[in-house]
Amino acid sequence: MLRLQGIAVSPGVAIGEALVVDNEGFRIPRRFLPRDAIDREIARLTKAIDETTAEINESRRRITERLGDDYGSIFSAHAQMVNDRKLRQELEELIRDRHYSAEYSVSRVLRRYAKVFQSLEGAYMAERANDIFDIEKRLLRRLLGEKREELAQVSSEVIVLARNLTPSETAAMKPEFTRGFATETGGPGSHTAIVAEGLGIPAVVGTGAFLSDVSGGEMVIIDGDEGLVILRPDEETLARYRHEVAEQKTLAAKLDELSDKACETLDGQRIQLLGNIEFPAETKLCLQRGVDGIGLYRTEFLFLTGDSIPTEEQHYAAYREVAAAMQGRPVVMRTLDLGADKLPLFPAPDDERNPFLGLRSIRLALKHVDIFRLQLRAILRATNDGDVRVMFPLVSNLLELRRARMVLADAMEDLEEEGVPFNRDIKVGMMVEVPSAVVMMERFVDEVDFFSIGTNDLVQYTLAVDRSNKDVASLYTSADPAVIRLVKMAIDAADAGGKPISLCGQMSGAPLYTMLLLGLGLRSLSVTPAAAPEVKRVVRSTTMEHCQCVAERVLTLESARDVKTYLREELSKLLPDQPI
Ligand code: PEP
Ligand code: MG
């Protein structure tokens, strides 16, 4: 058994067989063979070794021709390794005695070898480990016939283990088959993490290197509450986690009963509970969970799943679907927020060193005005299908907001000229996710109809902590007193200007912060649909007076650790059975 500590990004426990996805996306299939398949499997292995040797020799010939013998000899060493008698013997024994498949044997043995090299100090040793991975890859490519398993095509239940997953790869996962995932890299606020939560898949990121310790088909537990990945669990651990999964199901069933109850405090304060979505299909879950509308539709995911820039009709089809599904409830469509970790169609320039400080979000949209205008036309057209509102992301100064509004005005003018109907009085809002926007709130209040605080970005820009970097993950927290003060400033300024304000960062979906946020003055929260029942449960169990006391107390605390400890205590007093 091996326990790895990572960063918990999507709650819940998942137990299942590993699907190891390396950079090339190989799937290493289940490990056991029927008894009568053993000779055939050894023949497959022999053939793969022979073909790999031929392939390596060919590489050696080509490299020697171009760069000389010194370089070519690297491949001679590879060829020797593949044909090492001891290696072959070990592989054959695993197939014969343990009935492992050739792929699984190759992966297991070579990864063990690589691990030994990795554990030795020095660049030379690290290179040798890479050589072994290279050989493993070559052999697997032969054995699997170049088959690359697309995550989207997985058709049996698995736990995905990968070095890294992009937000679009995560979005393409089928939640019915992907029970959970863990990645070696990645930080707490990455969009990969957010998508996992949206899909309700338990996930852990930023564990550091572990893929060389695991092979496909092995048993894995993902503990998305504690941020743990447990490889090859022993019976006792397995039993404990199976019990936990059963308990989670019971709690989920209890929470389901809340969906048609009002989101209201004990002393009668109604709280608007909205849902965050990435795809139109998520409206179904939002409705099941009884949300009052959509507070954040991350429209850029239309770009992340396709391989070309969507047409106006594709935008419109998606927006109409969302607006119609929500049956007159408000739907806030956030305009394109591409760039940084959401980048497929606009690759960052080579000299982009700080993508989160670079050409992302509204800046990227204002640079590609044609694409932006086309999206705005589609949003405007969707105002005929429901209560559609528009919101600009990452606004960092007034001129940026005004420029965005000008593009919106252009789109309106075009539609008018073309005789296409739309709601001219569409409500226009902005996200508050850069400290400069908070500081300038008293000016912004005159120029928009509503606000939504995006703590995922506000945390990273306030604390200067990259939201997707595991090495600074411990600093990335909404509990930091500086973040909480900025949230309060934004709420106070919006209230003073008479404009509604909500909060749609992940902070609002964590029950830990619910009392604090109400106490700071929020009356609207936009959460991942999966989190809606738990948040509602907190709202329905508390009073505004208590929430105000909680907020007052929190504002006296000096560190994120103190804030979290205090909020945990308060939540466990309120709901003793709430897993925190
Ligand atoms: C945020 O930054 O809080 C937010 C909701 O936007 P995103 O997570 O998509 O950047
Ligand atoms: Mg953001």
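Including glycine, each Cβ sits where the backbone N, Cα and C put it.
What you are looking at is a predicted structure, and each value in this text was computed from that prediction instead of being measured.
Ranges compared are 35-62, 63-90, and TrEMBL records coiled coil for 35-62.
Phosphoenolpyruvate binds ARG298, ASN456, ASP457, ARG467 as TrEMBL records it, and from the list ARG329, ARG334, ARG405, ARG424 the residue named for this site is ARG334. Taken in sequence order, the recorded positions ARG298, ARG334, CYS504 that lie near ligand 1, meaning a CB under 6 Å from one of its atoms, are ARG298, CYS504. Shown in sequence order, GLY187, PRO188, GLY189, SER190, PHE356, ASN456, ASP457, VAL459, GLN460, TYR476 are the residues of the chain, 6+ apart in sequence, with a C-beta less than 8 angstroms from the C-beta of ARG467 (phosphoenolpyruvate binding site). Proximity of the recorded positions (HIS191, ARG334, ASN456, CYS504) to ligand 2: a Cβ under 6 Å from the molecule is found for ASN456. In the three-state DSSP reading, ARG467 (phosphoenolpyruvate binding site) counts as coil. Each of the recorded positions HIS191, ARG298, ARG334 was scored by the number of other CB atoms within 10 A of its CB, and the lowest score belongs to ARG298.
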